[in-house]
């Protein structure tokens with residue numbers, strides 16, 4: 001496995017690859033969710049490149065950029081064990097050679113980025129677009145793999161590829177959950193034992209909503225009330241029912257409904273969602 005730290009070495013390496021290339025962008029602190037993305041890429045491509053880069057432009061002023069876990073050696077060991085072709089692990093100066101005021105301004109599409117996570121984390125998706133587009137240009141992948149847990153990010157990246165006419169297939173991958181049904185996240189390490197138990201209200205709320213839908217309930221307001229009752233011990237940022245353009249729904253639309261939740265457990269903010 002190659003470990004590439006500079007753009008020059010990545011470009012040289014990429015030129016040597018003549019067959020399909022899968023790309024898995026990450027911020028490190030790899031868990032089984034990331035592993036599932038990597039394994040799918042390995043199955044579907046001749047080569048797989050994983051990036052490990054904690055992107056500063058997607059963190060807000062009061063967010064945990066400096067505290068974000070960076071176990072690089074552990075991440076590299078996992079990638080090598082899985083059979084990854086190369087890991088791109090650049091420094092900030094490699095990815096952002098210019099100071100903020102000198103950079104080209106890139107913005108996420110407003111209709112997908114102004115609500116939900118975009119409302120809670122101003123500028124977050126602009127930062128995501130900044131780094132994803134740079135990584136796509138550098139790796140020039142055949143396919144890129146994104147988890148459905150960060151559904152708003154996934155929709156924005158899909159739109160980015162379509163709008164800028166990029167010849168990249170975006171592959172959405174299912175949410176991976178622990179045995180207690182909590183969605184895997186690098187931020188789960190911040191939870192103590194008590195908070196971990198409290199966090200289980202999130203998947204339980206989604207499961208109960210799904211059961212109600214399966215029994216015939218279609219009114220989003222009633223379903224939301226059901227979910228909020230289960231989430232009452234948490235600080236809920238939102239529980240919303242949207243279509244795939246993130247437009248609010250009043251009734252469930254089969255195959256076109258997303259149920260998205262964000263809630264704080266102690267100081268840790270967790271996301272989850274359900275595709276209906």
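Glycine too: its Cβ is placed from the backbone N, Cα and C atoms.
Remember, predicted model here, so these are calculated numbers, not experimental data.
Taken verbatim from Swiss-Prot:
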- 34: active site, proton donor (ACT_SITE)
- 27-34, 147-150, 176, 184-187: ATP binding site (BINDING)
- 58: beta-alanine binding site (BINDING)
- 58, 153: (R)-pantoate binding site (BINDING)
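Here the features listed in Swiss-Prot are painted onto the structure.
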residue: 27; record: ATP binding site; Cβ neighbours (10 Å): 19
residue: 30; record: ATP binding site; Cβ neighbours (10 Å): 25
residue: 33; record: ATP binding site; Cβ neighbours (10 Å): 21
residue: 34; record: active site, proton donor; Cβ neighbours (10 Å): 26
residue: 58; record: beta-alanine binding site; Cβ neighbours (10 Å): 21
residue: 148; record: ATP binding site; Cβ neighbours (10 Å): 17
residue: 153; record: (R)-pantoate binding site; Cβ neighbours (10 Å): 23
residue: 176; record: ATP binding site; Cβ neighbours (10 Å): 18
residue: 186; record: ATP binding site; Cβ neighbours (10 Å): 17
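Each residue contributes its Cα atom, and for residue 176 (ATP binding site) and residue 34 (active site, proton donor) those atoms are 9 Å apart.
For residue 153 ((R)-pantoate binding site), the nearest neighbour among the recorded positions 30, 33, 34, 58, judged by Cα separation, is 58.
Each residue contributes its Cα atom, and for residue 30 (ATP binding site) and the residue listed as 'beta-alanine binding site' those atoms are 18 Å apart. Here the C-alpha separation of residue 34 (active site, proton donor) and residue 186 (ATP binding site) works out to 10 Å. DSSP classifies residue 176 (ATP binding site) as coil under the three-state reduction.
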